[in-house]
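> The structure's right below; bear with me while I get my questions together.
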Amino acid sequence: MTKTPKIVYTKIDEAPALASYSLLPIIKAFTKTSGINIETKDISLPARIIANFPDNLKADQKIPDNLAELGALTQQPEANIIKLPNISASIPQLEAAIKELQEKGYDIPNYPEEANTDTEKELQKRFAKVLGSAVNPVLREGNSDRRSAASVKQYAKNNPHRMGAWTSDSKSHVAYMQGGDFYGSEKSICLDNATNVTIEFADEAGQTKVLKEKTALLKGEVIDASVMNVKALRKFYAEQIEDAKAKDILLSLHLKATMMKVSDPVMFGHAVEVFYRDVFEKHAALIKELGVNVNNGLGDLYAKIQNLPADKKAEIEADIKVVYEKQADLAMVDSDKGITNLHVPNSVIIDASMPVVIRDSGKMWNPAGKLQDTKALIPDRAYATIYQEVIEDCKKHGAFNPATLGCVPNVGLMAQKAEEYGSHDKTFIAPANGTIKIVDEAGNCLLDQKVETGDIYRACQAKDAPIKDWVKLAVNRARATGAPAIFWLDENRAHDAQIIKKVKVYLPEFNKEGLDIRILTPVEAMRVSLERIRNGEDTISVTGNVLRDFLTDLFPIIELGTSAKMLSIVPLMCGGGLFETGAGGSAPKHVQQFLAEGHLRWDSLGEYLALGVSLEHLANAYKNEKAALFANTLDHAVSKFLENKKSPSRKVKELDNRGSHFYLAMYWAQALAAQNIDAELQATFANVAKEMEAKETTIIQELNDAQGEPVNIGGYYLPNEELAAKAMRPSATLNAIIDAI
Ligand SMILES: NC(=O)C1=CN([C@@H]2O[C@H](COP(=O)(O)OP(=O)(O)OC[C@H]3O[C@@H](n4cnc5c(N)ncnc54)[C@H](OP(=O)(O)O)[C@@H]3O)[C@@H](O)[C@H]2O)C=CC1
Ligand SMILES: O=C(O)CCC(=O)C(=O)O
Ligand SMILES: [Mg+2]
């Protein structure tokens, strides 16, 4: 490899973006002495909007399509990308970001919620590129290896976080459909030969309409099709709403409307309509006229009644109140502000929300601001059952004790838009009763699904090479750790049955002698993994893309208190490395707190760990000894950081994100000063360490003094660079030391 060693550090959104204003200058200052180039690429939500709508922008407003550039980079062996979590925008978030850009003088068109004309359809198509989970699928050109670093796991055992107690009489449970869902209807095949397919809808009269012109499929690719029957879905919601009322527990809905950006908002919308049925029926004509989109939540109704005459608005608000009096209480997202689980589709995201329910004794917040048992609606059976298994385990054995738990790392099939998370361009709402077919070039129907008007149809792909790579990664991890590896696959699910066949073909190609490798259904795999972690034993979960996402929040939240502390490595199939920071998101609640009181509780541990493995990867790829030294000393610094408990606190006027960066920097400088492999670095950083030690009290004082007041960073989605940097670097003493390196 001849090019200059380079690490690309992504610029993103919300809390981790704020943290970067403080952390990046430190990383750049430290590594610049080594000839490693740290380049930033802006792939934040506003940057992606700007890149996709340059038409009316001034030259100095334009931002190149960094995401496409990074996507191309993943195909090069020298790729070394540190990817921080970004916003996966729901429509309300997208609209808010557009509004902010427009207010700042960016001539960006509005998002057309309803596309009737060709222009509107074209606009919607262009916006689809920035909607939902639009970054990760482009960069994830490899499978995922998520686990906790040994030092982080040990820290969690020594300092167990609080886990809410569980009792056997908890009324909390997961409710899922018994039929008519994706799980029940799924059909799947593996292709003998490459082909191009068309997805077509045929109505009952035999009239056909092309839904998707062309999808290229490779030899050995698994393709499946399934349907969510909306009649069955709405019946399920109605029954469960009644049942929650009868059991006197909260009602909550857990979906992934961000990542599953086409199917899940529709499932969310049906829940809103069924729950607030009396309002939607009584005011049907007006609601239609106002253009309320239920898929955006009750928040959209509230937004659109704002300009109605006062009495009409009051009437609708009163009718909403009557619904609350009559129905089961909804789980709240913000009980102070009266924001419920059904307000917007992006505030209850299943991978993060269900583990928190489990951490909090099976409870969620009720309208009175108290924790209460909940019914968790997860309509589709494909993955709902694993959460019920955890709940049953907790009811039987009580809360998990992080001091003694083993771990459940994950090897996830993710590359090349595998499975449901790559299905958006093949997801359709059935226009009428009929059949949706996948037809090959020769006109053969490969898969057909009967649909009724409004049903959600979904086709998914999983390519052969990534599947084989995933099996290999699982065997490698089992070999490296000695832990059993369990493939979570359900032979009663059509798609999984195909994957099981492939796993059985590929496993013998790798040396699995002496390894314990099993295939169990997700429920059995959960049972075994939970029994083992309670015994302090480790078990590798080897899963598809959705369970990868779900389990890498669930187990870290149980084991470590948060998924932010995970190592999240993506060995790219072309030889490069993508290093994601943590497994969690962009923590909007943290930004709210920062803006209100100047305290940022975001923990950048995930970033430190990602930087460590990124430097290690670079050291190996370029035989770069300085990079190896930086990686090694950073590792020491992280251990000391944990030992000395320098993570940010949650409370204002205590150490926050910025102070935690100072300590990381000081420990890193000390470790570089203590080594004797590179005399030049030793000398440089001995001085840095000495200065930091001498000025520790002043620096911490300056950082704490900056807290306690509201902060203005000149925007939410597109903050003002200077204001944000100033807010995140308030210690002149620390800045002087860093800038002088
Ligand atoms: N890889 C990616 O790009 C990902 C992006 N997302 C996006 O992030 C947004 C928010 O998603 P959400 O599901 O609420 O998940 P988050 O992970 O942002 O938030 C869940 C909670 O986890 C805790 N948390 C997460 N990261 C940290 C950290 N570094 N330090 C301390 N605590 C942390 C916080 O708990 P507390 O409030 O108790 O402090 C936070 O409120 C969405 O837009 C989503 O699409 C989500 C997942 C991954
Ligand atoms: O891309 C996203 O929206 C979320 C990704 C995520 O949750 C994960 O990979 O764990
Ligand atoms: Mg996740």
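We count from 1, first residue shown onward.
Just so it is clear, glycine is given a Cβ too, placed from its N, Cα and C backbone atoms.
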> Let me know which member of Arg532, Arg534, Arg650 TrEMBL also records as binding NADP(+) at the site of Lys83, Leu84, Pro85, Asn86, Ile87, Ser88, Asn136, Gly585, Ser586, His590, Arg601, Trp602, Asp603.
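Looking through Arg532, Arg534, Arg650, the residue TrEMBL assigns to the NADP(+) site is Arg650.
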> In TrEMBL, the residues Asp549, Asp553 are said to bind Mg(2+). Which of Asp329, Asp334, Asp336, Asp351 is said to bind at that same site?
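So the Mg(2+) site in TrEMBL includes Asp549, Asp553 plus, from the candidates Asp329, Asp334, Asp336, Asp351, Asp351.
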> When you measure from each Cβ to the nearest atom of ligand 1, which of the binding-site residues Ile87, Val138, Leu139, Asp553, Ser586, Asp603 fall under 6 angstroms?
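Cβ < 6 Å from ligand 1, in sequence order: Ile87, Ser586, Asp603.
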> What's the CA-CA gap between Ser586 (NADP(+) binding site) and Leu139 (substrate binding site) in angstrom, rounded?
17
> Please report the three-state DSSP label of Arg146 (D-threo-isocitrate binding site).
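The residue in question, Arg146 (D-threo-isocitrate binding site), is strand (DSSP, three-state).
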> How long is the line from the C-alpha of Val138 (substrate binding site) to the C-alpha of Arg548 (D-threo-isocitrate binding site), rounded to the nearest angstrom?
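Here the two Cα atoms lie 17 Å apart.
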> Which of the three DSSP states, helix, strand or coil, fits Arg601 (NADP(+) binding site)?
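Its secondary structure by DSSP: coil.
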> Highest Cβ count within 10 Å among the binding-site residues Asp351, Asp549, Asp553, Asp603: which residue is it?
Asp549
> Out of Lys256, Asp351, Tyr421, Arg548, Asp553, which of these recorded positions is nearest Asn136 (NADP(+) binding site) by C-alpha distance?
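If we rank Lys256, Asp351, Tyr421, Arg548, Asp553 by Cα distance to Asn136 (NADP(+) binding site), first place goes to Tyr421.
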> Which ones, of the recorded positions Ile87, Tyr421, Asp553, Arg601, Asp603, have a Cα no more than 10 Å from the Cα of Val135 (substrate binding site)?
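Matched recorded positions: Ile87, sequence order.
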> Tell me the Cα distance separating Pro137 (substrate binding site) from Tyr421 (site 'Critical for catalysis'), rounded to the nearest angstrom.
8
